[in-house]
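Enquirer: Following this message is one structure expressed as structure tokens.
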Amino acid sequence: MIELFDAEDPHDPRLARGAAGLLRDFNLAGVLTAADVHVAERACALAGETDEEVRLALALAVRAVRHGSVCVDLADLLDPADLAAAPEVADLPWPEATGWAQRVAAGPLAAAGVVRVEGSLLYLDRYWREEGQVRDDLLARAGRAAPTVDERTLRAAEVRVFPHDGFDEQRAAARTAAGRWTTVLTGGPGTGKTTAVAGLLAMLAEQAEATGSLPRVALTAPTGKAAARLQQAVAEASLTLDEEDRARLAPLALTASTLHRLLGWRPGSRTRFRHHRGNRLPHDVIVVDETSMVSLTLMARLVEAVRPEARLVLVGDPDQLASVEAGAVLADLVGGLAERDSGAVVALRTSHRFGAGIGRLAEAVRVGDADRVVALLAEGGEEVEWIDPGPTAAGAPPGAAAAQAPGPGTALLREVLLRHALDLREAAAAGDVETALAVLERHRLLCAHRQGPYGVQHWNRQVERWVAEATETPVGPGWGQEWYVGRPLLVTANDYGLHLFNGDTGVVVAGPEDPDGSTSQDQTAGRADRRGRGGPALRAVVAGVGDHLELSPSRLGDVDTMHAMTIHKSQGSQADEVTVLLPPEDSPLLSRELFYTAVTRARRRVRVVGTESAVRAAVERRARRATGLRQRLAGADTPAAEGPAVRTAGNPPATPTH
Ligand SMILES: Nc1ncnc2c1ncn2[C@@H]1O[C@H](COP(=O)(O)OP(=O)(O)OP(=O)(O)O)[C@@H](O)[C@H]1O
């Protein structure tokens, strides 16, 4: 989607002062940011490229990566849906598509290796190389003779580990993964992916017994939070195995780490690791969870570091939002490998966790049946509720009624959100950590946006205002009370020293001073906030795997308030009840992948707040990313050899910006 920014202020930092010609036109129109323009200008100056249209093409390629695409299709920049949302874009002086890419290919940028052109696809060199490398490494793995397995032992293990008909899908998945070097295991939430993985590991451990060895197993995920959940889920799933298989898994000492940690994070580089083609990972089995969140760059680093004779099991849900960084790797693998190598992709379809109501809604969203989604929402029930704010007040932005104007939508939202915030506050004020953390898991408000009336910031402040009114106490930064009892927390960056991971959640509770023996410097710096202006001493409690961490709030650097969180951030986590606040239908963030991700965060009940047109837009609009990996994997040497642009699902902007 051609997403625009709207710069009314001439000093807006997104405007590139000094830009000229086409770059200036596209910058002023909000298509290109100053960063896109500067990169293009600099690279063209260095390479000696003076053709304005080629400069524009390069800036659009830079922009595409910023929006999560791996390349840009110069022949397919505008589609009717984009133009309906932003008709003014059509009036920009777009170059004639025919021959545009060829001019880039014939020019000095391509000669200098800054860009690569394939058909109408324009890549920045790095992403072109990474796509090719992922394809080559995966196809090389697929071309090797299959791993040797003892069939009789395997068949006996299948029946033992997955004992009845309800495990048919998982049994088939584990059998596939046991007999291949690379397997992509897909399924929505609660379809038993982790259970299948635990069973597979027991089966592989038994296979290794014949050689008197133990398989070296790595469990990994793109984020710390997802890795922690994977470890916990595998441990829980292992408990369902019989004693003999549990005993097989015990010596494997299964712990999970982030992909960055597994690959060997190196200070100063986000894309180069200690393990690579020349220093491969030692493991025999590598299980990656939440693969939909893995970017192309990280996948490239992973597949080159895996030993050819190690099993790689990529687990995830390809219908969810794709990675924050460029690529839609899981969706591409599922599409490309399924076409080329029919056995590599195994899908689990039966949900063992959701109630039927959420499952039906999620499936209707997944397949893009907007009429059914609207009918299911209208029907409602135990698990599904719809708050349609209805027609908005004159002058109000469409769909804003529930967010801003007084009305039934606002009253209902207030009731739900305030009740949850007060329950949290009550447990936190009593210093009851277990209850506070349990209450935290009961409900999430999920927003597409970060800012604006549909955004997390607005709703965090709004809930704080409601709590302040209800309790007649100052709450929130508006009152100079950043730290207050019952403040829900979302960790926004990994801190390996403190064992905190991006995506961890927690709550501020009343409690004894210096829970972690904080230094005198901490105490001085944090005292005013930590005491909440004469209130009790405060401690932050962060939920961990099987345990929690308590520390002084002053030690927490990267945290947000979590009365509301973005759908992007919610990936990989669930809550009993979820309220999804949809932005208006013209929001560039609305997409089927976003809506599906939000709905599937709910374990017991999902509440959708949004107009019918917003619901329909969410279901019908595909988030798109331009990538070539799917087609490369499917068989074509170059993505353009089989036709025009390759688009795959999963294309939110890299970060929600509204
Ligand atoms: N075949 C089955 N029959 C009944 N229950 C099952 C089956 N497989 C898994 N379960 C149960 O369903 C729940 C979800 O399973 P599991 O954690 O393996 O799913 P998942 O796909 O990994 O979930 P998610 O990725 O959403 O966390 C667990 O409680 C598990 O014990």
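Count begins at 1; order follows the chain as displayed.
The backbone N, Cα and C atoms fix where each Cβ goes, and this holds for glycine too.
Caution: TrEMBL annotation is automatic and unverified by curators.
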Enquirer: In TrEMBL, which of the ranges 131-163, 560-592, 626-658 has the region 'Disordered' annotation?
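Expert: It is 626-658 that TrEMBL annotates as region 'Disordered'.
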Enquirer: Taking the center of the Cβ atoms of GLY187, GLY188, PRO189, GLY190, THR191, GLY192, LYS193, THR194 at the recorded ATP site, which other residues in this chain have a Cβ no more than 8 Å from that point?
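Expert: Here the non-site neighbours turn out to be ASP317, LEU348, SER351, HIS352, ARG353.
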Enquirer: Under 8 Å between C-beta atoms and at least six apart in sequence, can you list the same-chain neighbours of THR194 (ATP binding site), or say none if there are none?
Expert: LEU230, ALA233, VAL234, GLU236, ALA237, ASP289, VAL315
Enquirer: What's the most sparsely packed of the binding-site residues GLY187, PRO189, counting other C-beta atoms within 10 A?
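Expert: Each of the binding-site residues GLY187, PRO189 was scored by Cβ atoms within 10 Å; lowest is PRO189.
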Enquirer: Go through the binding-site residues GLY188, GLY190, GLY192 and pull out the ones with a Cβ less than 6 angstroms from some atom of ligand 1.
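Expert: Among GLY188, GLY190, GLY192, near ligand 1: GLY190, GLY192.
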Enquirer: Counting other Cβ atoms within 10 Å of each Cβ, which of the binding-site residues GLY188, GLY190, GLY192 scores lowest?
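Expert: Each of the binding-site residues GLY188, GLY190, GLY192 was scored; lowest Cβ tally within 10 Å is GLY190.
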Enquirer: Inside 10 Å of the Cβ of THR191 (ATP binding site), count up the other Cβ atoms and send me the figure.
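Expert: So the Cβ neighbour count for THR191 (ATP binding site) comes to 24.
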Enquirer: At a 10 Å cut-off from the C-beta of LYS193 (ATP binding site), count the other C-beta atoms across all protein chains.
Expert: 26
